[in-house]
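Presented below is the structure to which this report refers.
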Amino acid sequence: MIVMKINKLDRYRRGSSSRVTCCAPSNTKSHGGAEDQFVTPWSISVAMIFDFVICVCDEWDIFIDASFVQVKKIIRHIRQYQVPYTSGGLVNNPFCYSLRELYNEYRFQLQERNERLFYKLLLDHAEELLPVVYTPTVGEACQKYGSIFVHPQDLYLSLNEKGRILEVLRNWPEMNIQCLLITIDVGTNNEKLLNDELYFGLRHKRATGQEYAELLHEFMNAVKQNYGERILVQFEDFANHNAFDLLERYRSTHLVFNDDIQGTAQVVLAGLVAALKLVGGDLTDHRFLFLGAGEAGTGIAELIALETSKRTNVPLDEVRKNIWLVDSKIGLIVSSRKESLQHFKKPWAHEHEPVKELVNVVKQIKPTVLIGTSGQGRTFTKDVVEAMASINEVIRQSTISYLLCILMSTEANLSIICNACRNLLFFLFPTRHHSRNALLKRLKLGASGSPFAPVEYDGKVFVPGINAYIFPGFGLGLIMSGTIRVHDDLLLAASEALASQVTQEDYDKGLIYPPFSNIRKKISAHIAANVAAKAYELGLATRLPQPKDLVKFAESSVYSPVYRGYR
């Protein structure tokens, strides 16, 4: 199977191009892992440490020791650049600093030169380096993709290839592909890029409508024809209307997944389920209000509704009536505005009079859970938070917690929130935040949508979570079982697997997710096993016979960046 991932550029460059990643496990498997199946799509990996470190010796242990030393050297060098998150900037901040740029100081590019060492570095220091290779760096890297471009690591497609995409795919030299990034360039509306003499993308306005749809349709059919039924296509960071349209159009004919719509929702649902285990009650006990009705908001709302419907056997349409969405531009989504709404917002249009201001929505809807997924800053004001606290003090009367307050990307004044809320259950730190101390005094559990450093307050360490918990294990589960379609129950299975791994020790530390240091084998392996088990149960898995121990099979399927011994 191949996994393809359409990546960041659609959003960050306002449609200048889109990306897809393809990953595929080999049918053969070594006893110790999947290291022998990893194939670099553009070159053959060279088992070398650096240009200036050449280990020629008969003793294999010495060679391994040398690689260990080099990992230590690299991470020490990276740490020399560490500065606070607030400083920002791709060059000033190591957590906003391109690994490639950093490695250029050594006069080499580590990933091309020694891919095993590159991944060994990431695996040994996953939590520390995640902000370098993931949020927040990836957004700025996509914005500056043209200026930091060095060597191609992906397959480039554009409107110029329309009508012969299958031919281009067949020209790709590697067939045993594990993961392939595909860039689809349909032009850009970014005037700065169009006027940049060094911009190497298509120099015309972005294609839309039928032209855009035809190109993507040709691509999807060509991918399936060339690589088979089990290819997994992951759409990453597409604009809202394109993301929902593509997912809806191809979910019944292709194996497709959108991390922004489905992956983020899976992680948030897992956090909710895990948190409710601590305070008691269930999803059915709560009324949800979302600020933001885009990919994240509607995706989370839908998955919460699916999980609630599954637990109660209540029809999905009935469950949705307990979930309300506020569009940051038009206010509360209501049925009287249904005709003017985008199709993915229509299921959330309920009978109610139009309400514009969030504080008035809170007072009228009386939610017990407030979830912010809007990029609009300063929306959780003192009045909003005090209204939530007042409502829930009457509703819950709990000594543990009477307010679930989740912030995904909304900038909020934390001092306002903690002054109004005496007992927060958990709080997802906003992307740009201010003083946390007053909040942490009242915080029972902590989590976050982006990787932030742990915070110590009053003798207690709060470790923010991130939304990267599920998609590695979810993808692995689909691949190792040979699943041909992503069913909603597979999404729920992944969330349930993540929530089940939160222990009492984690709760005592203020966590609603397991430690991210366990992501490689423990967390991802259990998620993959749960997803695969559900796929076999639903008859969607094609890899037969079913492995007896799916967890062990998942552990043996992951790539291991180790050197093979010389004969």
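From the backbone N, Cα and C atoms, a Cβ is placed for every residue, glycine too.
Taken from TrEMBL, the feature domain 'Malic enzyme N-terminal' applies to 111-251. Taken through DSSP, the domain 'Malic enzyme N-terminal' (111-251) splits into 76 helix, 15 strand, 50 coil.
All protein chains included, Asp260 (divalent metal cation binding site) registers 20 other Cβ atoms within 10 Å of its own Cβ. Under the three-state DSSP scheme, Asp260 (divalent metal cation binding site) falls in the helix class. According to TrEMBL, the feature divalent metal cation binding site maps to Glu236, Asp237, Asp260.
Note on the domain 'Malic enzyme NAD-binding' (261-536): mean pLDDT across this stretch is 78. According to TrEMBL, the feature domain 'Malic enzyme NAD-binding' maps to 261-536.
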Relative to the Cβ position of Asp237 (divalent metal cation binding site), how many further Cβ atoms are located within 10 Å?
22
